Amino acid sequence: AEDRHKRENTDLPARPYGLLKPTALGKIPGRFLLHQEALPHLPVPPLQQTLDRYLLTLQPIISEEELNHTQELVAEFRKPGGVGERLQKGLERRAKKTENWLSDWWLKTAYLEYRLPVVVHSSPGVVLPKQDFQDRQGQLRFAAKLIEGILDFKTMIDNETLPVEYMGGKPLCMNQYFQILSSCRIPGPKRDSIVNYAKGKKQSRHITVVHNFQFFELDVYNSDGSPLTTDQIFIQLEKIWNTSLQTNKEPIGILTTNHRNSWAKAYNNLLKDKTNKESVRTIEKSICTVCLDAPMPRVSEDIYKSRVAAQMLHGGGSRWNSGNRWFDKTLQFIIAEDGSCGLVYEHAPSEGPPIVALLDHIVEYTKKPELIRSPMIPLPMPKKLRFNITPEIKNDIEKAKQNLNIMVEDLDIKVMVFHQFGKAFPKSEKISPDAFIQLALQLAYYRMYGHACPTYESASLRMFRLGRTDTIRSASIESLKFVQSMDSPDKSDQEKTDLLRRATQAHREYTDMAIRGNAIDRHLLGLKLQAIEDLVSMPELFMDTAYAVAMHFNLSTSQVPAKTDCVMCFGPVVPDGYGICYNPMDEHINFAISAFNSCADTNADRMAHYLEKALLDMRSLLQSTPKSKL
């Protein structure tokens with residue numbers, strides 16, 4: 001599972017900043033293309049540099065014996081005129097003739113060829129603050145306003161007036177924004193594909209609304225092309241609600257939760273029927289999906305957010321809301337009757353930050369007062385999508401239910417709001433907040449298990465054309481030195497503080513290297529895929545135990561900052577690991593921590609407890625020592 005779940009992060013904020021003022025028409029055709037063409041190409045890092053850095057990253061996570069063996073393999077691989085150089089040249093040739101040497105390979109290996117269900121294993125969820133409605137009326141009002149906000153954002157994408165984002169003064173690739181609406185994943189027997197209906201003459205004019213496991217096509221534009229207002233959408237949502245009061249329908253959406261090969265078989269089977277095919281195509285072509293969920297099971301305040309996170313990731317199982325989804329749809333907004341809300345997205349087209357930017361825009365939009373009085377033209381009844389369920393399809397649904405419910409039982413997820421301080425504290429100490437949090441994760445893990453582990457933090461490659469992510473390896477020689485010293489009686493507080501600062505500095509340097517295209521993980525993957533493409537035998541370096549260990553990320557982490565007080569969440573990427581996502585606000589930090597119940601060694605609550613203690617201990621340490629001489 002080395003190539004998956006790659007989420008984007010860097011703790012340099014992406015600052016929106018318009019390149020051009022919108023014209024009188026509010027459209028800037030061609031602006032996006034000009035912007036994209038000005039972006040640099042992703043470099044292929046120098047081979048020797050990557051191999052040296054690979055050995056350094058192995059040091060804290062493997063034994064000396066294993067390291068010695070790997071050093072021999074690296075020496076063999078890097079010989080002049082050897083296999084390494086041949087593959088490197090192949091990569092450099094590929095970089096010359098493509099827009100981005102990595103992006104197609106990455107999409108395939110990390111997502112489209114990945115065969116585990118997208119639910120829990122790939123699709124991230126976002127938990128939004130609880131809304132203050134308690135009934136259907138409030139739920140539908142909020143949903144209507146949210147849909148209007150989505151359409152407002154869509155207009156900026158379509159008119160190419162979306163402000164270009166910057167990171168550390170450099171413009172970022174905006175391509176992902178054009179992939180998230182009107183797109184959908186399609187299952188295939190060996191590899192999935194993505195369809196995108198945002199381009200071309202016949203643009204999508206509808207969204208899919210799901211209520212009580214029943215799907216509806218809701219046209220969201222008037223005949224003159226203007227988007228429906230909140231009032232109009234509300235009336236349409238009420239019609240949908242009133243024609244889907246019973247949950248006696250087969251939850252067809254459950255099929256999308258299955259293993260990709262099983263789903264591909266069921267999909268082909270489902271589409272043999274003309275009615276079913278039309279219904280599925282309507283879902284795939286829609287701008288996005290809005291899921292009107294039944295209220296969540298009532299729980300106490302302290303576990304409420306964790307339960308919502310589970311609802312966003314998987315819907316709670318076949319007896320709750322999991323049938324109220326089409327998990328292959330890129331964007332699904334979820335609004336429950338009790339005020340819980342958020343979204344889940346299919347990861348292949350985009351990383352977290354564009355999704356969160358869309359979310360921030362919508363949340364701001366929902367706070368605006370109503371401006372326009374709606375035209376009172378009677379609107380057509382939203383179309384209910386029909387499905388003919390054969391005994392075979394019913395059987396596929398039953399099997400998918402069973403598999404899903406096992407997954408639901410297995411996911412251990414905890415949302416922790418760390419209230420003691422936020423990113424303002426590390427900043428006051430002149431430490432990068434992201435580096436501070438990552439080091440706290442290293443400390444928590446070390447205290448729990450007595451050793452460091454391979455750690456994945458995603459770094460954004462959006463400075464480059466079509467850039468996705470690379471890996472920041474947060475377990476470093478410097479972080480290990482710090483965590484070992486932290487509870488050691490023979491180290492003074494001053495020594496510990498110096499090690500803490502050195503470790504956060506090392507993390508900052510690795511981050512800078514990664515966002516500039518100089519990390520090692522994607523380069524190593526490229527060399528490996530080049531070997532497969534050249535039909536040469538797989539180099540020993542990639543068959544080595546150390547490589548397998550290095551790619552087994554017990555900690556898979558991502559910082560996804562947002563203006564909204566929300567938190568993104570995702571499952572672990574290995575059976576004995578954790579998935580940890582965080583949004584650092586000024587005075588608090590939102591964390592989502594996941595693990596699997598089937599692994600006896602991992603526990604999300606316990607990790608949350610140790611993480612909280614690590615953050616507090618690191619603060620006390622810094623406060624007990626004068627500002628460092630470093």
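Heads up, the Cβ atoms here are built off N, Cα and C, so glycines get one too.
Curation plays no part in TrEMBL annotations; they are all automatic predictions.
If you check TrEMBL, you get these features:
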type     : residues                                                                                               : note
ACT_SITE : HIS347                                                                                                 : active site, proton acceptor
BINDING  : LYS423, LYS427, SER428, GLU429, LYS430, ILE431, SER432, PRO433, ASP434, TYR456, SER460, ARG508, GLN559 : CoA binding site
BINDING  : SER458, THR469                                                                                         : (R)-carnitine binding site
DOMAIN   : 42-613                                                                                                 : domain 'Choline/carnitine acyltransferase'
Exercise. What is the separation, in Å, between the Cα atoms of LYS430 (CoA binding site) and HIS347 (active site, proton acceptor)?
Worked result: 34
For this session: Could you check the recorded positions HIS347, LYS423, LYS430 and say which one's CB has the fewest neighbouring CB atoms inside 10 Å?
Result: LYS430
Problem set entry | Cβ-based isolation winner (fewest other Cβ atoms within 10 Å) among the binding-site residues SER428, SER432, SER458, SER460 | SER428
Problem set entry | Candidates THR469, GLN559: member of the binding-site residues with the richest Cβ shell (10 Å) | THR469
For this session: Write down the Cα-Cα distance for THR469 ((R)-carnitine binding site) and SER428 (CoA binding site), rounded and given in Å.
Result: 29
Problem set entry | Candidate nearest SER432 (CoA binding site) in space, where candidates are the recorded positions HIS347, SER458, THR469 and distance is Cα-Cα | SER458
Seminar exercise, completed: The number of other Cβ atoms within 10 Å of the Cβ of ASP434 (CoA binding site), counted over all protein chains shown, is 26
Exercise. Cα-Cα separation of HIS347 (active site, proton acceptor) and SER460 (CoA binding site), in Å?
Worked result: 15
Exercise. Taking the residues the record says bind CoA (LYS423, LYS427, SER428, GLU429, LYS430, ILE431, SER432, PRO433, ASP434, TYR456, SER460, ARG508, GLN559), how far apart in Å are the two Cα atoms that sit farthest from each other?
Worked result: 27
